[in-house]
């Protein structure tokens, strides 16, 4: 492993983006074809964050379970099924140790790891080196920043929102946990905040009696007594019973925000925030044009993929793209500029606040929730630079 990393001739690598190719966007296991994602992410670090191109994309080839790739004579990766968990964990431990020896001050971004590994890797190594998971933490930061902007524009608080997530994977639960932190910052207790968060997954609303849940999902599960008198616990019933103000989709199921779901939500909330965030466009939970029409133009819509503005009843509705590129270049620039050796939850929340402050929606009605990436990269880094003077030195070199 050390020999492989030494073959990268740059000694001043500032940022590494690493993937194992198992969960590329909404496409799934792409094997070594996932290498394009780290390359693209690092290009955005430079283009949006102004970071030196002295960066390094890394593809961890531990096999693939994509049969089409295994049967493809042109596939250039290791033609083998993915290794077992024990062997995988040992290999990743060796990789992390080698990275620390080669570039002890680097920022390492985990990218597009499957649910079984994304959160465990983050929890295992976040206190061991300067690292973060963009799918979990970056997505959470940009979503929370967008929610902050929406709430500020309507003179509301996040603490008063009721949020339903569709998709209980690492991304959905990561966003939910960051929303909990934002609610706590506005005065709620942790239990009060969690009582306002609802996650719908493959078996409906997540409750604590569902044995399939992982540890990070159990923290967001409700007591089964909540649904005891419901007519099931699917998405539409959850919407009808909870009457959420915010609906966030991170499940990759195209069209799951049906007309009935959206109209039911609008019946319980005059100005809902609806965010179909799954990528690519073909897997978005709803099309913005439909959401605007089904809510009579009253919904604020933010998507994960780019969509054109919607014209409804003679008025144009801009569709904000809630993209991680608004956050992670700024986090990277802030970490490098401040010589941070950890990425903390406080830093991520600071980046969310910076994002919200710059949002055009806060300054004028019916504007975008989000602005240009470059603006947010600069805003986030400036805010992060304040932390060394106010927080424990353990997060800073």
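Note: Cβ is positioned from N, Cα and C throughout, glycine not excepted.
Curation does not apply to TrEMBL; its annotations are automatic.
The annotation (S)-malate binding site is assigned in TrEMBL to 23, 279, 323. TrEMBL lists 111, 112, 135 with the feature divalent metal cation binding site. The annotation domain 'Malic enzyme N-terminal' is assigned in TrEMBL to 1-126. Residues annotated as domain 'Malic enzyme NAD-binding' in TrEMBL: 136-378.
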Provide the number of Cβ atoms within 10 Å of the Cβ of residue 23 ((S)-malate binding site), excluding the reference atom itself.
25
How many whole Å apart are the CA atoms of residue 111 (divalent metal cation binding site) and residue 323 ((S)-malate binding site)?
14
Could you tell me how many residues in the domain 'Malic enzyme N-terminal' (1-126) are helical, how many are strand and how many are coil under DSSP?
57 helix, 16 strand, 53 coil
Cα separation, residue 112 (divalent metal cation binding site) to residue 323 ((S)-malate binding site) (Å, whole number):
15
Mean pLDDT for the domain 'Malic enzyme NAD-binding' (136-378), as a whole number?
89
Pairwise Cα distance for residue 279 ((S)-malate binding site)/residue 135 (divalent metal cation binding site) [Å, integer]:
12
Determine, for the divalent metal cation site, the additional residues of the same chain whose CB lies within 8 Å of the mean position of the CB atoms of 111, 112, 135; present them in sequence order.
19, 23, 24, 37, 110, 113, 118, 133, 134
For residue 135 (divalent metal cation binding site): intrachain residues, at least 6 apart, with Cβ closer than 8 Å:
23, 110, 111, 112, 113, 118, 170, 171, 174
Which residue, of the binding-site residues 111, 112, has its CB surrounded by the fewest other CB atoms within 10 A?
112
Could you find out if DSSP has residue 279 ((S)-malate binding site) as helix, strand or coil?
coil
